[in-house]
Structure formats: structure tokens, C-alpha cells
Amino acid sequence: MLFATLEHILTHISFSTISIVITIHLITLLVRGLGGLRDSSEKGMIVTFFSITGFLVSRWASSGHFPLSNLYESLIFLSWALYILHTIPKIQNSKNDLSTITTPSTILTQGFATSGLLTEMHQSTILVPALQSQWLMMHVSMMLLSYATLLCGSLLSAAILIIRFRNNFHFFSNFFSDFYAKRSALKSTSVPSFPNYYKYQLMERLDSWSYRVISLGFTLLTIGILCGAVWANEAWGSYWNWDPKETWAFITWTIFAIYLHSRTNPNWKGTNSALVASIGFLIIWICYFGINLLGIGLHSYGSFILTPK
């Protein structure tokens with residue numbers, strides 16, 4: 001009862017905070033020069049992060065297993081992973097190029113998870129026999145961390161395509177200060193006189209970040225798939241069953257393997273590789289969310305239907 005009450009309180013705190021952060025984030029995107037509001041948004045993100053962390057720890061203590069047994073818990077963990085990515089550049093004292101991607105991603109994921117659409121999954125349940133394994137934490141956490149990382153990298157690649165094919169570059173000037181210098185420094189330079197130069201610099205920086213993030217995500221995805229194969233052999237007697245989830249995980253792995261391989265070819269580096277990564281963004285959501293909506297196959301534990309078919 002104590003843990004259930006604590007989880008309820010933390011969920012409401014995170015939902016209320018994320019609602020305020022969404023409002024602040026929209027205002028800062030529409031109106032420039034509101035540094036104070038941006039700082040408030042960051043503080044709201046910190047509050048949300050600690051609320052999510054407290055929720056995961058509380059759910060873990062009350063259920064006796066790592067909270068990754070259904071779609072609701074996995075969405076909470078996914079938003080937690082996105083925030084971790086959000087803080088990495090700050091820990092390294094580098095310019096937080098990822099914040100433009102990670103902030104709205106975290107907000108939307110956490111907002112959806114706590115919006116009430118997944119109310120039936122809010123209560124912790126006893127794991128079915130197939131999930132009662134130490135591989136649950138290793139496999140599922142690696143997959144979700146890879147999803148979070150690959151989603152961010154794919155969105156960075158999508159930003160490259162938007163900049164590349166957009167005739168008017170002024171829309172992106174709001175983000176320029178985050179990538180290169182303080183606003184005061186920008187005022188002393190002739191940014192409007194060299195739009196193509198700064199457009200090229202921004203695309204190169206986004207391309208570099210996208211490659212680094214996707215490389216990390218691809219490594220995590222590979223580890224997650226290998227762990228899943230070992231677990232599948234223990235649970236079902238076969239390393240690979242071409243289950244819908246497994247099939248789409250393989251398609252996801254193949255898409256990003258093509259992306260990484262295309263980066264070795266100078267003719268494919270840039271726009272072409274960014275297009276491949278952008279396709280990967282859609283593939284990830286099909287693999288993670290689309291299959292869960294259908295609730296079919298051996299991985300139906302993560303669907304809206306809590307009992308396996």
C-alpha cells in the first residue's frame with residue numbers, strides 16, 4: 001500500500017511537472033530572449049527525472065523485479081533513458097547540441113506514459129513464468145536504451161534533411177546560438193551575410209553528433225539482441241524464432257548497419273546517410289510500439305494486453 005501510494009504521488013508530480021515544462025518549452029520556441037524560462041524548463045526536467053527515478057525504484061522494490069514487464073513501465077524507462085542522454089553533454093561540459101532533440105522527446109514520451117491512456121497497466125503484476133529470468137533486466141534495458149539512443153540519432157539526421165531541403169534558413173537561427181556561441185557573440189558577427197556557410201557548419205555538426213549517437217545505439221541494440229537470443233533459447237528452446245518483434249528488431253539492426261556502412265562511402269555521407277537514418281526512426285517505432293499495439297507473437301507481454309496469447 002505504501003509503495004502504491006508513493007508511485008501514485010510520483011506519477012502525479014511527474015505529469016504535472018511535464019505539463020508545465022511542455023508549456024514553457026513551447027513559449028521558448030516561439031519567443032526568443034527568454035533565458036529565464038529556459039532555465040525553468042531545465043529545472044522542471046530535473047524534477048521529472050528524479051520523479052521517474054523514484055517511481056522505478058519504488059516499483060522495483062514493491063514488485064521484486066525490474067519494472068520492464070509491460071508497455072507502461074517500458075515507456076517510463078524510455079523517458080528516463082532519454083533524460084540520461086540529455087545530461088551527457090552537460091556532464092562533459094560541452095555544448096548541449098542534443099537538447100533540441102532530447103528535451104521534446106523526453107517530454108512527449110513521459111507525457112504519454114502518464115497521461116492516463118495506459119491506466120490498466122499502472123498496477124504492478126506478477127511476472128508470467130517466461131519473464132521470470134535475470135535476462136529480463138539485461139535484455140529489455142539494453143533494447144530500450146538502444147531505442148532511446150537511436151531515436152535521438154535519427155532525429156538529428158532528420159534535422160539535417162530539413163535544413164538541406166529548406167529554402168529559408170532563418171527558422172533555424174533560433175538554434176544557432178546553442179550550437180556555436182553565446183547570443184552576445186552572435187550579435188558582433190555578420191551571420192545573415194553568410195547563411196550558406198553557417199548552414200554547412202550546422203549540418204556538419206549535426207551529422208557528426210548523429211553518427212556518434214547512432215553508433216552507440218547500434219552497439220546497445222546488438223548487445224540487446226544477443227542477450228535476447230540467449231534468453232529465448234533458455235525460455236523457448238531456440239535462439240531465433242522469427243517472431244514479429246524479433247523480425248522487426250532484425251530489420252532495425254539492418255537499417256542502422258546500412259547507415260553505418262554508408263558513412264564509410266564519401267558519396268553517401270551526409271544527405272544520403274541521413275535519409276537512411278530517418279527511415280530507421282520509423283522502423284524503431286514500428287518495432288517498439290507498433291508490434292505492442294497488435295499484441296501478437298511470443299513478445300505479447302509488452303502489449304496493451306497483459307496476458308500472453
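Glycine is treated like the rest: Cβ placed from N, Cα and C.
Some features that TrEMBL has for this protein:
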type: DOMAIN; residues: 68-299; note: domain 'Cytochrome c assembly protein'
type: TRANSMEM; residues: 12-32; note: transmembrane segment
type: TRANSMEM; residues: 44-62; note: transmembrane segment
type: TRANSMEM; residues: 68-86; note: transmembrane segment
type: TRANSMEM; residues: 138-163; note: transmembrane segment
type: TRANSMEM; residues: 209-232; note: transmembrane segment
type: TRANSMEM; residues: 247-262; note: transmembrane segment
type: TRANSMEM; residues: 274-298; note: transmembrane segment
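The domain 'Cytochrome c assembly protein' (68-299) scores a mean pLDDT of 77 in the predicted structure. Counting Cβ pairs under 8 Å to the transmembrane segment (44-62), the top-ranked stretch among 12-32, 138-163, 209-232, 274-298 is 12-32. With respect to Cβ pairs under 8 Å, the transmembrane segment (209-232) is most closely packed against 138-163, considering the stretches 12-32, 138-163, 274-298.
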